[in-house]
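Below is one structure, written out as structure tokens; comments come after it.
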Protein chains: 6
Amino acid sequence: MNKAKVLLEALPYIQKFHNKIFVIKYGGHAMIDENAKNYTAQDIVLLKYVGIKPVIVHGGGPEINRAMEKFGKKPEFIHGLRVTDEETLNIVEMVLTGKINGEIVSRIFKFGGKAVGLSGKSGRIILAKKKRKFIEKDGKKVEVDLGRVGETVEINTELLDILINNNYIPVISPIGIDEKGDAYNLNADTVAGDIASALKAEKLILITDVDGIMEDINDPSTVYKKLTVSDVKRLLKEGKIKGGMIPKVECAIKALESGGVKSVHIINGKIPHALLVEIFTEEGIGTMITKK
Amino acid sequence: MNKAKVLLEALPYIQKFHNKIFVIKYGGHAMIDENAKNYTAQDIVLLKYVGIKPVIVHGGGPEINRAMEKFGKKPEFIHGLRVTDEETLNIVEMVLTGKINGEIVSRIFKFGGKAVGLSGKSGRIILAKKKRKFIEKDGKKVEVDLGRVGETVEINTELLDILINNNYIPVISPIGIDEKGDAYNLNADTVAGDIASALKAEKLILITDVDGIMEDINDPSTVYKKLTVSDVKRLLKEGKIKGGMIPKVECAIKALESGGVKSVHIINGKIPHALLVEIFTEEGIGTMITKK
Amino acid sequence: MNKAKVLLEALPYIQKFHNKIFVIKYGGHAMIDENAKNYTAQDIVLLKYVGIKPVIVHGGGPEINRAMEKFGKKPEFIHGLRVTDEETLNIVEMVLTGKINGEIVSRIFKFGGKAVGLSGKSGRIILAKKKRKFIEKDGKKVEVDLGRVGETVEINTELLDILINNNYIPVISPIGIDEKGDAYNLNADTVAGDIASALKAEKLILITDVDGIMEDINDPSTVYKKLTVSDVKRLLKEGKIKGGMIPKVECAIKALESGGVKSVHIINGKIPHALLVEIFTEEGIGTMITKK
Amino acid sequence: MNKAKVLLEALPYIQKFHNKIFVIKYGGHAMIDENAKNYTAQDIVLLKYVGIKPVIVHGGGPEINRAMEKFGKKPEFIHGLRVTDEETLNIVEMVLTGKINGEIVSRIFKFGGKAVGLSGKSGRIILAKKKRKFIEKDGKKVEVDLGRVGETVEINTELLDILINNNYIPVISPIGIDEKGDAYNLNADTVAGDIASALKAEKLILITDVDGIMEDINDPSTVYKKLTVSDVKRLLKEGKIKGGMIPKVECAIKALESGGVKSVHIINGKIPHALLVEIFTEEGIGTMITKK
Amino acid sequence: MNKAKVLLEALPYIQKFHNKIFVIKYGGHAMIDENAKNYTAQDIVLLKYVGIKPVIVHGGGPEINRAMEKFGKKPEFIHGLRVTDEETLNIVEMVLTGKINGEIVSRIFKFGGKAVGLSGKSGRIILAKKKRKFIEKDGKKVEVDLGRVGETVEINTELLDILINNNYIPVISPIGIDEKGDAYNLNADTVAGDIASALKAEKLILITDVDGIMEDINDPSTVYKKLTVSDVKRLLKEGKIKGGMIPKVECAIKALESGGVKSVHIINGKIPHALLVEIFTEEGIGTMITKK
Amino acid sequence: MNKAKVLLEALPYIQKFHNKIFVIKYGGHAMIDENAKNYTAQDIVLLKYVGIKPVIVHGGGPEINRAMEKFGKKPEFIHGLRVTDEETLNIVEMVLTGKINGEIVSRIFKFGGKAVGLSGKSGRIILAKKKRKFIEKDGKKVEVDLGRVGETVEINTELLDILINNNYIPVISPIGIDEKGDAYNLNADTVAGDIASALKAEKLILITDVDGIMEDINDPSTVYKKLTVSDVKRLLKEGKIKGGMIPKVECAIKALESGGVKSVHIINGKIPHALLVEIFTEEGIGTMITKK
């Protein structure tokens, strides 16, 4: 009977999110632990079966570094910026599309879901272009060639719509393709935000290895449960959001302001079943950002 | 996190029963208590939202008696058998289709489900004919005219299929219609079994006011958790199944043996959320009967 | 050959109304006579088979009174206005949804049509709210609580569209439901008008027990054959339209002016096959009201 | 009210034939009179609007002869059999597909129907081959080359199904095409029978200029109202069916025995609205042949 | 390997025109030669199979004259303008719909395509009206009755859309029908332009017996390969476009300016496979006119 | 005009193979040369645009070896058989799914096609199990554990059907998944054959680096143009088919005999546009094997 109660407590959320798309970014650092990977995969399958439509975007940080080492490939820098040459891109693609992507697909399959692993090149999902980067040097603006680093030109949802409507869970690696057929490596958080906007997703959920946006970055008890876009902008201005969290909240703001996404969630993938707790309870477990 | 665990324990059942039809008989005696009615309605809505297709059949026992009294209608008997004359049938229809059916529809709506209340006459769902009853009198077989009591000739699933495929929950009162357009009152348990067979339902669930089939009818701790059809036949032969339970197990046997229903469940509607516990836990709460 | 001529005279009307929706209000007083009921049911089936899409809304006046008497329920009045308490609403629902609705369904079935009887609660067809009534008392406006009397908030056509497109004839009782799941009794003429507007019906046909709008209410030869909305407004102002006809023409005006209904017809259900004569002949048999 | 009665007398037939296909052969001799042509076109439009699916096949006898005269083309005979040379075939196609077919299409359009005129070559409806004809000469069997006279190899219903399901009335001229793309002239009665069989038509109706099969060919009062296939076979054996009626009853027998057609009707197109009277009245107006 | 190269050279055109509609006017003078007819039919079938949707409109000039002679019908003129009386219209329809149309259908079938021959009366494709013609006489504008000569009121694409979507190639003769069901003869070039506009065709291709628009009408080497609408208007003003080419370029201008057609091509049907060369090569073979 | 001729010579093949599925195995050795890769990608796009449905399966031989070297991974052998341990499988997946697959997708995209790169794990396309291998040792049969080498249990065509019907070109790497979610490396030729059988493909085309099956392996002029299954079996028996060709012809025999594939082709990917020449010319360029 206790079990029944828990199920019924989830009912309002299940009803509210019925047939809605959730884009879940499932990151490098959150994927190291075997248990964490299983929790997330299982949670995703549950979401699918209670009527939500999950779309997965993944990154690959630490694994890419390890593969590069194995390949004896040294990181290259220009003006302190990391450069992605052709060979590095090959390694990135192999790790992202050939390893991490497949692992997620297998794990979702293991828990009873039907996933389809896709590079962003397939079906031209991520139409990209070379990202141009400028730095200041000797008081002048100088362009730095970062190599095969790209940014989104357009998300083509045709293939994703077909797969979603046929009850598959798309699992996408952040590799884009330009009009000439050349590949680029993109930032996974940004791609997740772009895809959430293009699919008019209800939620964008960024699974990380921290507990959310915190007042004091060293004290998890200071996690902000709910923030609005203007709260986040203020915290940015006040310098309270730092480091790797900055690009995350920037893509959150973009998805909420111009993409029609209803809420963005930043949660800690190391907490068992953080995804379910965040979605199916009033109090949640990480930080939820809404437009207003 | 405890909540997440409960949800995940339900996952294998949700997966197994995805898109399956459950016919739920929701009886007279199980419907007196306001709480019990709410529990059941809420459970049905949850089933719908996690991907199961519930179809409700209801009876009306005690309410019909009260209405007849109010109308000053005295029960009529021939040879000890109750007779349903035209006026009684009118009262039965008013109570079943006009009152109980509407109450269930309202309650499902209240908890967020989309229900459609239907008499078995609508769309000719229950094609019926007059039930012929014979008794022994002075050593001879004599027919007794029980009036407007009917039995199923055929279940027409067209309308039900349309409603189910459009995500409605059909709520059906056990009134049938014959080829000439005359109405009949049918036994709700039997109708539920017939509809379960016609829809090739996964489960037929009979919600009653007892805890299941019991070794000792006065000791709920003696409930049989799982029985096969041959177990039930043996218990019938041994006289261990008695009274109102006999027609229930008879329709269970029929649905399992010839209708392709996978399991029949007899549960106690007075136990809060018995429906969910029976469906989503290994141990269950009432009696489950399977073919083998 | 004479028969062929009659069929061919009907052809232009059949062509004109092909695939059009006709909402037919089929009233309490027009339903007392067994012949009248059969005529109307048969006419409805014919309409369906020649390609028109009939939707039936019914009232129940006299039958409700008789049932209330039988139940020993005395009408209650406040400031001269009838009050619908909970128990009265129950009786109203039983008679409308449980008796009259089922009778119409049976009769349509008898003549070969496929009907589906529905309370307005099903599929939330009639979303209603409590009707607020104000009277003048001692020069002040005072609200009177009429109990469970409702008015339309919104007609939800999803279920009706599904049934109509699958060739069923919906038969609707004027019971509405509010957001909390509470039921209300609504005026059947008004509901018919609201449904006609929501379905963008070609015609709204009110079957009554008088011959139409008459210059002299006691002289059927003074029936107005055709009126425009402005004619009707003038007749109302001149006091020539009285009593129960007033709400009928009010809902007619609303349906024509804001609902996109092409014409409203008021005909006498006691005249055999008045429905067919009104629809399939140039001269008609009752009063037709058009926008201009 | 009289009109209503007639409409309602037609109702059982309308119900019975709802969505059924009627193949109507509409012949040369029955098409000379302007009134007769209008009657038939109007009747066909009525059939369409009350839910029947008419398919028209036409011949062209007398008009072809007139056109040949105009073209100064003399009939050619070998061993007493008429030969269709290339030029004659051209004239036949021009008259059938270019004149008579278009006239029928126009007339159906005039009465409000949507017709599509088709040669049997279009969409390869009539796959044909050269008809081989043998005669006895000097005690030996000798083949006579009748030129471009064909017989059906196969009816391809794809195009007809598409048109029928999109509510068009196909009007087909009996020109066939062989695998090499060469055209042939076929007998219109036979083609009508073949198409009725291929479409699994409910009825095949042959409109001629006689009142049906008669006991005494000179006395229309001796028309057989209903015959079975075995009756017809007996009448053939007894020599009571003669001349042009013989191929008609032969194709009737074939359509009934092997094609699944339910009934074949032979009616007189000169009688106003013979088609409607035959279909919508119990007594009919011509001869109806059924399997048993 | 040379073959592969040619196929691959065609690929960009095949990709560009995938699923696009091409309306091809296939004229009288271009159809006299047996080889020319075969080339064009074969080219059309190829277009269809590589994913283009061809729609054919044909004229019939010389064949009509020959048929009129055969019928002993003398051309009638009023004020120097040819008059189409009822009998002439009959001959025109017979030749266009009954002969030329059928020939094209047969030829397409022979090369493996599925064509449907249609008069513009079928499915009311060409809704027409009488064309009014005024001349100047004695300084006054006087109307001349040209008889059954019509002009397009509206193209009804429903039937064409159905056929195209079901992979048929419609072949249309330029006969129109007015609201009363009367037929008219229309100019084939104009009809082709109207149909191209109504179908939002990619290309309108006019197959003639000249090499295109030429600087010097006697020197094929002076063919303009590409012209814009303003070029054509200038050439018209300069009197460089003469005779039968004038109405062709007028319908081209209309289709390009108001119909959304992307390009109009004028090519010489006597050049083997001119259609393929024009479509699948950069240089083309006739004159291509574009908006800009 | 010469170009037109070539296109028309291809027409019969285009017609014959319209809407047919071709499974193309595109191998490791055939993919080294940049030109060869471009030829094949371009040919595949052409096939798609002329109405054929290509499905690509690829291997990866030489690239896998190079990657293993780079990773410092030494090949492991047991009893002379190569063993695929977990780490090797990871490298295989990275190279196949993460590198080669993506390259093919990019290249098809570059030439204008829509490809979707898929591991056989996605959508459970390749349900696999561990391949058991037995060797003879000391006169006894001993099982050797080859690690993560698998064989097909079942091809699940659902995802492929969806992609093909939506005009995508699936590109599949030969990685399978077992019921528990574990991955296996499979032989690409065998997988291609299994997929061709499951999809009821018209053709299975194996692109290799030799010219076909040859009488004398060193003399390309001795290529067998056409062989039947029984020819191939005879050549096998005679020892004329050797080495890597043996598994290829074995999967060819299986696909032809039990899979319903119509023909298997073995062609040399180094010959420019070998694919088009083999498909669109009578003489072909490699070896075609048919059932009879």
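Glycine is treated like the rest: Cβ placed from N, Cα and C.
Annotation source TrEMBL lists domain 'Aspartate/glutamate/uridylate kinase' at C:20-268. What TrEMBL lists as site 'Transition state stabilizer' is C:Lys25, C:Lys248. Taken from TrEMBL, the feature substrate binding site covers C:Gly60, C:Gly61, C:Arg82, C:Asn185.
Counting other CB atoms no more than 10 Å from each candidate's CB, the binding-site residues C:Gly60, C:Gly61 peak at C:Gly60. The average pLDDT the prediction assigns to the domain 'Aspartate/glutamate/uridylate kinase' (C:20-268) is 93.
In this structure, of the recorded positions C:Lys25, C:Arg82, C:Lys248, the smallest number of CB atoms within 10 A of the CB marks C:Arg82.
When the Cα positions of C:Gly60, C:Gly61, C:Arg82, C:Asn185 are compared pair by pair, the longest gap among these substrate-binding residues is 16 Å. Taking Cα separation as the measure, C:Lys248 (site 'Transition state stabilizer') is nearest to C:Lys25 of the recorded positions C:Lys25, C:Gly60, C:Gly61. On the backbone, the CA of C:Gly60 (substrate binding site) and the CA of C:Lys25 (site 'Transition state stabilizer') stand 11 Å apart. Sequence-distant contacts of C:Asn185 (substrate binding site), defined as residues of its own chain at least six apart whose C-beta falls under 8 angstroms from its C-beta, comprise C:Thr84, C:Leu89, C:Val92, C:Glu93, C:Arg148, C:Val149, C:Gly150, C:Pro174, C:Ile175. The secondary structure of C:Lys248 (site 'Transition state stabilizer'), as reduced to three states from DSSP, is helical. C:Arg82 (substrate binding site) sits 23 Å from C:Lys25 (site 'Transition state stabilizer'), taking the C-alpha atoms as the reference points.
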